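TrEMBL lists B:37-60, B:80-101, B:113-131, B:160-182, B:221-240, B:260-279, B:300-322, B:342-360, B:367-392, B:412-433 with the feature transmembrane segment.
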Amino acid sequence: MERDKHFILGIFDDEDILLSAVKEVRAAGVKIHEVFSPYPVHGLDEELGYTRSRLPIAAFLFGLLGTTLALTMQFYMMKFDWPMIIGGKDHAAFPDFIPVTFELTVLLAAFGMVGVFMISSNLKPWAQPRIFDLRSTDDKHVMAIDIASNGSVDLEQIKSALKNSGATEVNSKSFE
Amino acid sequence: MQVTSPVREPLVTGGKTYKDVTNDIARQVEGKPTVGWLLGLAVSLGTLLIGSLALVATLWEGIGMWGLNKTVGWAWDITNFVWWVGIGHAGTLISAVLLLFRQKWRTSINRAAEAMTIFAVICAALFPLIHMGRPWIGAIWALPLPNTYGSLWVNFNSPLLWDVFAISTYFSVSLVFWYIGLIPDFATIRDRATGLRKTIYGALSFGWDGAARTWMRYESVSLILAGLATPLVLSVHTIVSFDFATSVIPGWHTTIFPPYFVAGAIFSGFAMVLTLMIVTRKVFKLEDYITIGHIELMNIVIIITGSIVGIAYITEFFMAWYSGVAAEQYAFVNRMFGPYWWAYWSMMTCNVISPQLFWFKKIRTSIAATFILSLVVNIGMWFERFVIIVTSLHRDFLPSSWVMFYPTITDVGVYLFTFGFFFTAFLLFAKFFPVINMAEVKAVLKSSSEKTIK
């Protein structure tokens, strides 16, 4: 059977039942493809064994780039390229450069991080998402299990694991 | 679905289920526009049109159309600029600062408050832009762009330039923060829709599918953006206050300005949020989401920031006397008893005295009283900026230049233009975008009660 084509879906009504179900299903030796929720469920990423997002690191690095760019730009323009005496002060009036440096740090950190988030999560206006169940953006949590990547586990065993852990429905879904 | 707690008031009333949240909020987007909405749009578009005549007059004839004169070079326009920027502080404060403080009640109001922020900042930015006289070549005055007009680079020692960076950063970061929050809700609308609406909201939702991995990153992005936006909010009005504080005009040259302006901004921003939300909850029947509890909490923020502003007024007076500088002392006595005494006392009444009524629980939980007081606060905050700017300038260092400032019809028209724009934009937002953050409300629906299933 082809990978990433045929799925078994467990539908859950409640976030806490979902959290315990993820634990039980994984304990039964079933690999979970992904869980789709209408809202962020705290602790779900840990139960699914996802490693922590490195987006904060991206934000820090972009922020650092912003700081560097802002300071370089201001010192280059005000001290070296076109020195002007303003208010009788030094050309390189460092304290005066702080506000713009702060703003550019925040600007680059925010835009850089959001850009990385968009790319890493494949968010773009022309993206065509695979929707496993339309209710997953409304009121249900949908646990998708890829049949092919669970080759050794029996189909009925997966279904009963889902049912026993509190799924209100167990469906199957295939994509072209 | 919703469990009620014996200890804490629920954030969302009416025993709503997840499904109800989607239905109640998506209904506004999917339904036909109501008569009230169409009337509101007609009025605000009318205001926009009338106001745009004044804007065209300003651009065509120049800023000589305004009431400014040789002595009072900043007046109506900069008052409006500071007023709108102040209003634009509530949205990001609610979504960022309250997120960091884990105030879950923010979820019902953050979306609309952020939208309000974005529109208010656009209105604010209009004033310095047209005050440049020739805004079409303004980019080379405001941005560090290579040019052949004279001194090559912009002056990084000037607070006016810091303002350019602060406001444009604040605007763009707030916009991104707002849009990131909208993506999951657009996906909800997309999955309920068919045809053209599905295509439009499909594109707006950026292919969101609600995967746990994406939610994990989304939460991480929200937290970092909140962490970045919090100092940003405080920096914006701080830098706006530097426009005045770094000058040597009596009444402006004071170190209390940054905290005083920030408190005033939050004060006026929350008042505008209340004005808008009281109408929105009524028109869109969202009383279960924006409850009296929400209104009361916002009123508490208004008492706190209003009292900070009141103390700042008094401190300024004390410092003027204590400094022993005759010019400074004169500026403050002139504020209180000079020709602009009425503006000063309007400000004192609206900002310091009337918000104190919110100490009474009856008043701060009354919708009618809150609505009226929120308007009063915004009038008071407009006068505050007018008093600071005009009374300090109109008594120049040379008594022969002492004048009064009178706004012209063009001044009033440009202000009307911003009102027309603000309300048109807000009405369009309220109709076509989900006014309440559905995903975040669903996330607190269960945990806002104590009886969670473990």
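Just so it is clear, glycine is given a Cβ too, placed from its N, Cα and C backbone atoms.
Just so you know, TrEMBL annotations never went through curation; they're auto-generated.
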Best-contacting stretch, by C-beta pairs under 8 Å, relative to the transmembrane segment (B:80-101) and drawn from B:160-182, B:221-240, B:300-322, B:367-392, B:412-433: B:221-240
Feature contact check the transmembrane segment (B:300-322) with the transmembrane segment (B:367-392), CB under 8 Å, 3 or more pairs: yes
For the transmembrane segment (B:300-322): best-contacting stretch of B:37-60, B:342-360, B:412-433, by Cβ pairs under 8 Å: B:342-360
